[in-house]
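Peer 1: Feature annotation from TrEMBL assigns transmembrane segment to 42-59, 65-87, 117-135, 155-179, 199-223, 243-261, 389-410, 416-438, 477-494, 506-528, 612-630, 713-732 (among others).
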């Protein structure tokens, strides 16, 4: 029987001709193509010169920067080891590698087109920033240090473009590894579940280490370059405490690329997924990832461009924004407290994330393969194995964080301040663990919420939707309570550390919150590893199904896929928690910057002023409008996919009997062009709204004698958008993840199993949840941080 099915399936083993055109252009980025043409010896000499130049910059700046560069270099070698280890694994039989090639071609083709469009928009925005900065006012500190408008403009534009390039590269790395690891995980699943798990984790680990390492290295290199170029701390030049404000362009560039990557990739992956599920599973009754489904390749391509590439860019900009905001707050506090050597307080975030690379590497290596073959037993739960690795990472993070605070934050003015800051870091680490646990509780089908959601499917489609929406709303409570406790605890630990300004007022509160944010992100590389594991496992399951492997192999990839859904949901919880804390810090930095430019005190925002209240209302509205446009973009694109898939089933009836081959490329082309078109409107809304609101209320303020009105309204907009965005993202991410795993739970055989009425209702819920958890929800993480960085960069035009 199996043999005859394989024979029937042979038309699908041919490499899809529709993808040959995708490879007519090289998928390797231009930079790498140029480097490959250089003589190897000349390339080695060139690389050595670059390395020497980088370390010279570091040595001219601070020994701490040299330490950061050393850790980043070592992490690069570790990531190369992981790559070599993963790529050494076999790709399985030819039918597997042919499907993998089709996925890779589609992903790389879309990536090239998408990032081509994003790069053009980034260049236009860079010219706008240059124009604004050439005609803006300068702060007294900048004038005193001789930093003119022109220099300031070019510094901001260089930082913006570098942030954009690094963010794009982070996305490329995430996709590059996933499209090569998926087939190796599929092949390993034929032998051992543990081996498949290990390959998926190490492939995700490679991407995570490179993304975090690049974020740290990029900020450190920019800091060192500006330090040497501007002659910081020499007579009549800029003070080191003013330097971090020059880095905000880097964070804005990273956020800009991440937003469009997340929108475009999210629309692509979910439109393909919804279209494939609605026609394939519900109407035709064929399994998920069945080779007869014309949208199946587009769906598998979407996992890579939506989950891997976009999430890499998302986490990159999270870390970059948090490092820069913490550096600004550290510098501000050191200046107010008249600390003799402020470099420790400024560079502390870079050291924390350097140690993140070390502890996460240990956590990744702690997940080892075994020789046992077959299905994972209850004892060998993949989630438990990854949780064990996470526990090891957290334990090491606590130790290294404590050591870092003693090394860099010790000062004679307050000898015990470092201990208070170490406790702030511990608050952040506990917050991260709590967020991961809460997300797991609400989205893993081992726990009650998802099982109750699955049970609601047995009474119909409507009750499934009601239960999913109510679960998502309920799931906002615990994370908000955790984050509230974290912000207040860290603020008061910092405030009572003993550091005071000239007037004797305590000043460490905000920096305490910054340290807690660093604590939360001190295991970011391992959390990103768990996130990347999800789409790789999902793709592996698709390859197994399409190549018609035995049921036992599909059972292994199904277990890994279900765990991957949970790890993706936990990472989104982690990302929104860190986004909330980072936005709080960036908001404080924005108020400091406005005060410096306006030479007026700006310490609070009064929402009793009508215009300021309206700004808050507009901020909340922005989140809802953005989410609505993102979800409707998925809906419109999915409609095109559904129409195309139905057309193929009608016009090619032989598809269902394996006599005719679906046109996979047609669905890929539809989704690619539609997602690039649809990402523009919500992206433009996010960028233009704060600028338009600030300029309009600035004009109104000058007309009514309120000089800071524009800045105050933008501050209110930023605050309300952040609060609303946190709640909306938590709701969307959790409900979407719960719907997906409720379906997976029924597919294990519960409540009638595959094909039952409960299963059909669960598919409807999963379809509704798809744009929630993979398009609108993750895009809001980026949106609230981008609003904060764009207001920092554009602050002068609001005054």
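Glycine is no exception: its Cβ is also placed from the backbone N, Cα and C atoms.
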Peer 1: What same-chain residues lie close to the transmembrane segment (117-135): Cβ under 8 Å, and 6 or more beyond its ends?
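Peer 2: That would be 149-150, 152-154, 156-157, 160-161, 164, 168, 249, 253, 256-257, 260-261, 264, 676, 687, 793-794, 796-797.
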Peer 1: Please give the sequence-distant neighbours of the transmembrane segment (713-732): residues at least 6 beyond its ends with Cβ less than 8 Å from one of its Cβ atoms.
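Peer 2: For the transmembrane segment (713-732), the far contacts come to 472-473, 475-476, 479-480, 483, 572-573, 576, 579-580, 583-584, 587, 590-591, 594, 605, 607, 611-620, 622-624, 627, 689-690, 693-694, 697, 772-773, 776-778, 780-781, 783-784, 787-788, 791, 798.
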Peer 1: Return the stretch with the most CB pairs under 8 A relative to the transmembrane segment (155-179), choosing among 65-87, 243-261, 477-494.
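Peer 2: Looking at each of 65-87, 243-261, 477-494 in turn, the most contacts to the transmembrane segment (155-179) are made by 243-261.
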Peer 1: By a Cβ-Cβ criterion of under 8 Å, what residues six or more beyond either terminus of the transmembrane segment (389-410) are in contact with it?
Peer 2: 64, 201, 344-345, 347-348, 351-352, 355-356, 358-360, 362-364, 366-367, 417-419, 421-422, 425-426, 429, 432-433, 436, 515, 518-519, 522-523, 526-527, 530
Peer 1: Do any residues of this chain, six or more beyond the ends of the transmembrane segment (199-223), have a C-beta under 8 angstroms from a C-beta of it, and if so which?
Peer 2: 54, 57-58, 61, 65, 68-69, 71-72, 75-76, 78-79, 82-83, 85-86, 89, 159, 162-163, 166, 169-170, 173-174, 177-178, 180-181, 184-185, 188, 243-244, 247, 250, 254, 308, 312, 315-316, 319-320, 323-324, 327, 347, 350, 353-354, 356-357, 360-361, 364, 367, 386, 389, 524-533, 536-537, 540, 560, 564
Peer 1: Do any residues of this chain, six or more beyond the ends of the transmembrane segment (42-59), have a C-beta under 8 angstroms from a C-beta of it, and if so which?
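Peer 2: That would be 35, 65-66, 68-69, 73, 220-221, 224-225, 227-228.
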Peer 1: Does the transmembrane segment (506-528) come near the transmembrane segment (243-261), with 3+ Cβ pairs under 8 Å (pairs 6 or more apart)?
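Peer 2: No, the transmembrane segment (506-528) does not contact the transmembrane segment (243-261).
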Peer 1: Using a Cβ cut-off under 8 Å, which residues of the same chain at least 6 positions beyond either end of the transmembrane segment (477-494) come close to it?
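Peer 2: Those are 420-421, 423-424, 427-428, 430-431, 434-435, 438, 508-513, 515-516, 520, 573, 576-577, 580-581, 584, 726-727, 730, in sequence order.
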Peer 1: Six or more residues beyond either end and a Cβ under 8 Å away: which residues meet both conditions relative to the transmembrane segment (612-630)?
Peer 2: 263, 266-267, 605-606, 681-682, 685-686, 689, 693, 697, 709, 712-725, 728, 732, 771, 775-776, 779-780, 783, 787
